[in-house]
Structures are given as structure tokens and as C-alpha cells.
Amino acid sequence: MSYDVVVIGAGPGGYVCAIKAAQLGLKTALIEKRDTYGGTCVNVGCIPSKALLHATEMLLEAEHSFDALGIEISKPKVNLKKLMAHRVNTVEQNTKGLVFLMKKNKIDTFQGTGQVLAAGKVSVTGEDGKAQEIETKNIVIATGSDIAGIPGVDVAFDEKVIVSSTGALEFDKVPGHLVVVGGGVIGLELGSVWARLGSRVTVVEYLDTILGGMDGEVAKQFQRILAKQGMDFKLSAKVTGVKKTGKGASVTFEPVKGGDAETIEADAVLVATGRKPYTDGLGLENAGVELDERGRVKVDGHLKTNVPGIYAIGDVVVGPMLAHKAEEEGVAVAEMLAGQAGHVNYDVIPGVVYTSPEVASVGKTEEELKKAGVDYKAGKFPFTANGRARAMLQTEGFVKVLADKATDRVLGVHIVGFGAGEMIHEAAVLMEFGGSSEDLARTCHAHPTMSEAVKEAALATFSKPIHM
Ligand code: NAI
């Protein structure tokens, strides 16, 4: 058997790369060791967590907003089994869809662990231990990432009491006290799910802010909103121990600036302290593929490794560990292999936290612009001044537009607010075309929409917003 391209890993990077390659006429194969396609994202990440986030957001609405909207109901009751069935069904629909797409695009699929033997040669080892060799002109490594754990701390994940993001999707009862180690995206999304279902949630974070790397003002306001929802935060706190106890688990942390260690008891602990590139068993050393200092597959600006004919994309290479970044890279590699000019614009990759309200951002933060010495102007508009937001009782948050002072080019847009994850894309499209804040402010936005706040924030960078 010989292929133009063999992709190892069927996550959003790998399966999208395979589809694009097949669409462009390349003879394509995809290797995956799971029973289902879609990788972490579809099976135990983005998709199932969104099913839980949506369901519990509806619960929040029913509990807190219906009465004010004049809808009287008795206290909503959660059927955790049914809620979990919604998560399972959602995942199933997506994985089935992927089987259909592989067939439709005539992609040959192999189940098993892929190994790179050399440029042009891979093997697949199935569950029965039998290996078969496949010849291919090109190899794309898309093996993703795995939970990083806490460096220097022995964490015995049992996925029942001490859990990673995977276990936190399927607690069979609502933990009384859930301690979340790491105030990043996973911690806050899954922490929100269980807080809404009734857990007391304490987030222990090493940095002095949650969502490190996000715009500082956004992170601060967002933390206030989550605190109002009942989440507790211990910031500047380094977790040094996570242990199982008779009743649950305990988490020990030390103040980063020095001082006495503290231990808190929990019914369950979610450790969400980042992910690491996954290259186990891939045999990259045999093929001579270089890794960087953080264990990521080293690639150049065209996603080529140091070995001709071997490419790598997604979480296993440098850059944000986001499904959509991996997808873009998958498309770019397929296009390059088909002789086209594949390209990823790393300056315009949106990031979304799917909490309530959502947080979304694209481009540079104020902190990054200050650090780079860029002269910029900022325009802000709060949702409290937006008519649609008032009608929906969704007035929390704001939009911030950052633009170059000299050229007016939009450099970053940051939103905390209901539907932020959808709204961010008008900013992304504008930035992809090198648009200015005046372009954004002069684009007619339908009234009444939450998106009008984006227009008003853009207007605020060079003039006065109308509704403030
Ligand atoms: P993260 O990197 O977003 O956050 C991890 C947090 O843990 C950091 O704030 C870090 O300072 C903290 N931390 C590390 N060691 C610690 C210690 N010893 N004590 C206390 N705090 C400590 O990683 P996370 O949330 O695990 O997510 C992993 C990856 O998955 C990220 O790259 C994220 O972008 C991606 N992801 C994206 C989602 C989205 O786009 N909505 C959803 C879920 C995950």
C-alpha cells in the first residue's frame, strides 16, 4: 500500500488535514488508536464540555432569570443521568459524523498506534499487537497533547476523586466541594459546570490572575463575575500536594510570595494545570525527528520537521493548544502537499472561554502591546448600555477594541459578555483583512444586537460612542 500522505492522529488537526488532502486529490490515509475519531476535542474535550456547559447554563437561566422575565416555574430539578446522556449523545453524533466524512472523502483509515519508521514509512500496531507497514510520500504528525499534571508533584489521578478534565466530565454525583487546581480555561469551564450544579468550587491558581495571558482588565472583571456566581479563588498559590484522603482528597498550596502552606479538604479535585505534547511511542527518535526544549515536535514556518517529508501540526507543535489552530494548520499542510500556498495567520486566532458570560479575544492584549512598545488607543463599551443586553438580562461585561494610534489598524479585540464567542468573529474577519477601527465603527450593525457594542467600542477608539 502506498499513499501520498499518511496522517497520524484523528483529532481536529489530523482529520481536517486528511479531509483537505483527499479533497485536493491526494491519496490519503489516517491512523487513529482510539475507537472513534475526533481526538481529545470531540471525545473528551471541547464537545462534551460544551454539552454540559449549555445544559447547566439553561439551569442557571431557569433559576435566576425566569422570574425576572415573568416566567414562574417551580425550582428546576437536575437529572444528572439525563444530563450526562445529552453529553454522550452529543459526542456520538459528532464521532459518527466523522466516520461518514472519512468514507465520503475516500480516506483509508487504520485503527492502531502509528509509528514513524523513517521518512516515507510508518507502521500501525493494532490492539492484537500485529503491526503493518505503510509506504507514503508524506507523513503528518497530529498526535495532540495529554494532561501535564503538576510538575514535581505526584498526582494519583483515579478519574473519580482526583480527576483530569476527562473525569470532570462524568462525576456520577455532584461533588460537595470541588477544588480546581489551575485557573485556566479548563478549570474555569468545568468548574462552572459543577458550580452551577451545586458544588462549592475553589480555584487555586499559581499566578496572581486567572486566565493568565488574557487581557488583564478582562481577566479581572471576569473573576469578579465568577466570584459573584459563588466561585472562590486562591491566587498566587502554588499547589504542592494533592492527596486522596478517607473521605475525598486534600490540596496543599503555598503562597508564591512566601508564607505558610495551607491544606484544604475536598470531595473531588480537578487538576487542570495545562497539557503537554503527546509523542509517546511515535518512534520519532528512530526517524531522527527533532523535538524542542519543551518536548514539542520542532517545525519551521511551513510546519516541516527537520526530516524531509515529515510534517507536524496542532498541539504537538508550538502555539496555542486550540482545536481551530490545529485545523488551520491541517488545511495549510494539505494545501502545501498539493502544491498550493498553504498559510496560517497566527496573529488572528480567536480564543474563547465558554463560561457564562463567555470571554473571547483575538489579537494582542493591552499588556502585549505595552510590552512591545506599540502606541495604541483603546475603546470600550459596556453591555449595560446595550438595549438588547438589557432585554435579555445579559448586561454583564464589555467590549474593548485596541487599535494602532498612527494607522488605526485593529490590533486586538476582547469581549466579556453573553455570546462573546460568536461576536468575536466579526473582529477576526476585520483583522484578517487588516481593517481599521473606523472600518468597524462605520459598518452598519443590526439593531438591536449585542454586536452593536463591538461597533460602539470601535467608535470609542477615535470618537465618542453614541449610547454612552
Ligand atoms: P491553562 O494553561 O489554560 O491553565 C493552567 C493554569 O494552571 C495556569 O493558569 C497555571 O498558572 C496554573 N498552574 C500550573 N501549575 C500550578 C500549580 N502548581 N499550582 C497552581 N496553579 C498552577 O491549561 P488548562 O486549563 O489545563 O488547559 C489546557 C489547554 O487546553 C490550554 O492550552 C487551553 O487553551 C486548552 N483548552 C481550551 C479551551 C477553549 O478554547 N475553550 C477549553 C479547554 C482547554
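Keep in mind that glycine also has a Cβ here, set from the backbone N, Cα and C atoms.
Where the annotation comes from TrEMBL, it is an automatic prediction and has not been curated.
Here TrEMBL flags 3-330 as domain 'FAD/NAD(P)-binding'. Along the domain 'FAD/NAD(P)-binding' (3-330), the predicted structure has mean pLDDT 97.
With a cut-off of 8 Å between CB atoms and residues at least 6 apart in sequence, the same chain places Gly11, Pro12, Ile47, Ala323 near Cys41 (disulfide bond), listed in sequence order. Marked as disulfide bond by TrEMBL: Cys41-Cys46.
Sequence annotations record features per position, and here TrEMBL assigns FAD binding site to Lys50, Gly114, Thr143, Gly144, Ser145, Asp315, Met321, Leu322, Ala323, His324. Secondary structure from DSSP puts Met321 (FAD binding site) in coil.
Among the features that TrEMBL reports, NAD(+) binding site is placed at Gly182, Gly183, Gly184, Val185, Ile186, Gly187, Leu188, Glu189, Glu205, Gly274. Neighbours of Ile186 (NAD(+) binding site), defined as other CB atoms within 10 A of its CB across all chains, total 23.
As annotated by TrEMBL, domain 'Pyridine nucleotide-disulphide oxidoreductase dimerisation' applies to 349-458. When the domain 'Pyridine nucleotide-disulphide oxidoreductase dimerisation' (349-458) is classified with DSSP, helix, strand and coil residues number 39 helix, 33 strand, 38 coil.
Residues annotated as active site, proton acceptor in TrEMBL: His447. Listed in sequence order, Gly387 are the same-chain residues at least 6 apart in sequence whose CB falls under 8 Å from the CB of His447 (active site, proton acceptor).
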Distance [Cα-Cα, Å, rounded] between Leu188 (NAD(+) binding site) and Ser145 (FAD binding site): 19
Spatial neighbour of Gly182 (NAD(+) binding site) that is closest, considering only the binding-site residues Lys50, Thr143, Met321 and their CA atoms: Met321
Cα distance (Å, whole number) from Gly184 (NAD(+) binding site) to Lys50 (FAD binding site): 16
Annotated binding-site residues Gly182, Gly184, Ile186, Leu188, filtered by Cβ under 6 Å to ligand 1: Gly182, Gly184, Ile186
Thr143 (FAD binding site) versus recorded positions Cys46, Gly184, Ile186, Glu205 - nearest by Cα: Cys46
Listed binding-site residues (Gly182, Gly184), ranked by Cβ neighbours within 10 Å, top entry: Gly182
Any further residue of that chain within 8 Å (Cβ to the Cβ centroid of Gly182, Gly183, Gly184, Val185, Ile186, Gly187, Leu188, Glu189, Glu205, Gly274) of the recorded NAD(+) site: Val180, Gly191, Val203, Ile210, Leu211, Ala272, Thr273
